Ligand code: SF4
């Protein structure tokens, strides 16, 4: 955990690293890799990765998130979304080293769900998630105080998306809440509304709003947005009292960039196209799309699609390009020409993977992710509540 002093009123303790901040001398620390990071121009990187992985054998288990680069994915033992990968890691108790090719909050979840004697490695510590960074524990605790001031904390259940830091998950565990994924957000919200009158949904306002309105049938007026940068979230006590869904003002820097105009444009460009988007997209994008679902749902839908069908996909570009390559009999395009890769996911590249693996061969585990025991205990409470939720929603 890095403590930085900002221009804000109090020092902020950041679970993740802000990139390129000159006020934070430790920023970019994962990029430096003192003395040993292979140059990206090294023509032997693929061979080096192969050799190191072979030398480690079953001692290492490499996880690759769907949004990772091809150069990294080729070395993954399993691929998946963040929750599937954490479960895959937990199912490999005999592998002492888990190399997580993904972002920081995913490696934290893997550490929480694996045994204490397993070591989780994130090849580049600067691979954070801008969405997860948008909800910091001090801000969430201040928001909870604001809900208490408004007299509604005891009827509010906190629900956090998997894409959040371990201390936000722990906050939910301590306060009767739960973790959800994009696959089971509907089930998690129903669970929460059986236990309270309101939900504080962290940190992705779009997943919260899309699920509440499209799956649970709430109205947009029943959703309010809590802005952590404004006193009392920028909301009056009356607005908080009237709301059912209190949405944290966070979003994904990739999915949040697709617009309703992107959907109109692709429909004009590609005749008969089916628009399929992730629920982290804005509400106006999701309502204009033909289908919405998690990355696993997107992959399964395209697997089942007929030859010759046309698809515009609104999710991270690495995955869309891989799906287009895997289905040459279908016309698969990216939803928007201007949206780019997830820059933090792309921090994990082949040089960092080689660096991590070769260090393991030499007996050194670099960039290890360890969640402190108290945070782990309560984060696990919230994760275990999710695991015991009945069934799954339709879009797994
Ligand atoms: S794609 Fe979005 S939610 Fe996923 S890691 Fe990148 S910024 Fe975070």
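Positions of Cβ are set from backbone N, Cα and C atoms, glycine also.
Cross-referencing 101, 129 with the [4Fe-4S] cluster binding residues that TrEMBL gives (252, 342) picks out 129. Checked against ligand 1, the binding-site residues 65, 161, 278 give no residue with a Cβ under 6 Å from it. Taking a C-beta cut-off of under 8 angstroms and a sequence separation of 6 or more, residue 163 (iminosuccinate binding site) has the following same-chain neighbours: 82, 105, 129, 131, 132, 203, 204, 252.
Long-range Cβ neighbours of residue 278 (iminosuccinate binding site) (same chain, at least 6 residues apart, Cβ-Cβ under 8 Å): 182, 255, 292, 293, 294, 295, 298, 314, 315. Taking the Cα atom of each, residue 280 (iminosuccinate binding site) and residue 342 ([4Fe-4S] cluster binding site) are about 13 angstrom apart. Its Cβ taken as reference, residue 342 ([4Fe-4S] cluster binding site) is surrounded by 25 other Cβ atoms within 10 Å in the chains shown.
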